[in-house]
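**Q** First the structure, which I've put down as structure tokens, then a few questions once you've had a look.
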Amino acid sequence: MKLTYRQAWMNGPGPRTWPQALMLAAKGFCMGGADIIPGVSGGTIAFITGIYEDLLRAVRSVNLQAIQAMLRLDFAAVINHVHLRFLLPLLFGVGTALVGLAGLMHWLLTEYPVPIWSLFLGLIGASILVVGRKVERWTPGAWGAFGAGALAAWFIIGLIPVTTPESWWFIFLCGMIAICAMILPGISGSFLLLILGKYAYITGALRNPFGDANLAILAVFACGCIVGLAGFSRLLSWLLGRYHGLTVAMLTGFMLGAMRKVWPWKETLESVVIRGKLHVLSERNVLPPTLDSEVLVALGLMLVGAIVVLGLERLTRGPQQR
């Protein structure tokens with residue numbers, strides 16, 4: 001018997017009440033807000049809010065079987081197969097954050113860099129503890145995977161952004177690469193865009209998505225995201241299924257290595273002015289020169305970031321785990 005649209009909708013995983021849908025959209029909003037910030041990963045937010053593996057399963061549901069049903073115009077089968085009840089609220093939250101916060105985050109980082117980076121340093125630092133708890137046994141192999149992940153992230157963070165083309169193929173490639181951040185905790189999609197020289201280009205399009213050629217730019221970028229998400233999620237899901245402890249240990253290491261990027265105090269070594277805006281090409285981390293009020297505020301915000309993450313993690317755990 002052919003399913004009705006309502007039956008197909010209710011068959012899949014996802015929120016079953018409006019409050020649950022709003023909570024999932026809020027988590028998506030946090031993911032999107034995190035991905036606006038270079039050095040902060042939406043994948044980390046997915047991990048600490050307890051939807052990480054649900055996200056991987058939802059992405060994997062968009063497969064050949066779903067595409068075949070779409071080509072047959074069997075929309076009930078598509079709804080039944082794809083985890084739309086999970087994906088739609090989540091993507092609504094992510095999209096709202098990306099469009100709504102692009103300008104705000106850009107302004108905050110420009111005007112108040114040290115306090116904002118301090119907040120995110122505390123967030124990521126606490127996230128390392130949260131994610132590390134998901135490793136059941138810290139064997140020598142797990143520690144090795146942790147070290148490999150940390151070194152890999154440290155190396156990636158050390159790469160220097162370069163000038164890159166604005167061709168459609170390159171925008172598509174940027175989407176494929178940047179979307180990995182939604183699945184890979186610790187590596188920020190925004191930072192990957194910085195490496196590729198397209199952070200200002202994409203955030204500029206997000207601030208005015210319907211202006212000039214921005215809609216076409218974002219559409220090509222989104223297509224790249226879809227292709228990258230579908231491919232990379234399958235690899236990571238396989239790794240989590242076969243080597244869960246080692247994979248989570250490596251992801252935890254990635255988060256530790258990524259902290260190099262969000263250290264608040266930096267010294268610019270090389271910069272360039274593009275279209276009237278200053279872009280940093282090379283910088284290094286330094287210690288604060290003096291213990292003044294700015295440093296005390298920064299330390300306080302680090303603590304706030306850590307408390308927020310640990311509080312979120314506590315909320316996502318069951319009563320028996322607390």
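Every residue, even glycine, has its Cβ placed from backbone N, Cα and C.
Bear in mind that TrEMBL entries carry predicted annotations, made automatically and left uncurated.
For reference, TrEMBL lists these features for the protein:
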type     : residues : note
TRANSMEM : 86-108   : transmembrane segment
TRANSMEM : 114-131  : transmembrane segment
TRANSMEM : 143-162  : transmembrane segment
TRANSMEM : 168-194  : transmembrane segment
TRANSMEM : 215-236  : transmembrane segment
TRANSMEM : 295-312  : transmembrane segment
**Q** Counting only CB pairs under 8 A, let me know which of 86-108, 143-162, 215-236, 295-312 has the most with the transmembrane segment (114-131).
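**A** Of the candidates 86-108, 143-162, 215-236, 295-312, 295-312 scores highest.
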**Q** What else in the chain is close to the transmembrane segment (143-162), if you only count residues 6 or more beyond its ends and a Cβ gap under 8 Å?
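**A** Tertiary neighbours of the transmembrane segment (143-162) are 39, 186-187, 191, 194-197, 199, 246-247, 249-258, 260-261, 279, 281-282.
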**Q** Cβ under 8 Å, sequence separation of at least 6 from the ends of the transmembrane segment (215-236): give me the contacting residues as numbers and ranges.
**A** 56, 59-60, 62-63, 168, 171-180, 182-184, 201-202, 205-206, 209, 247
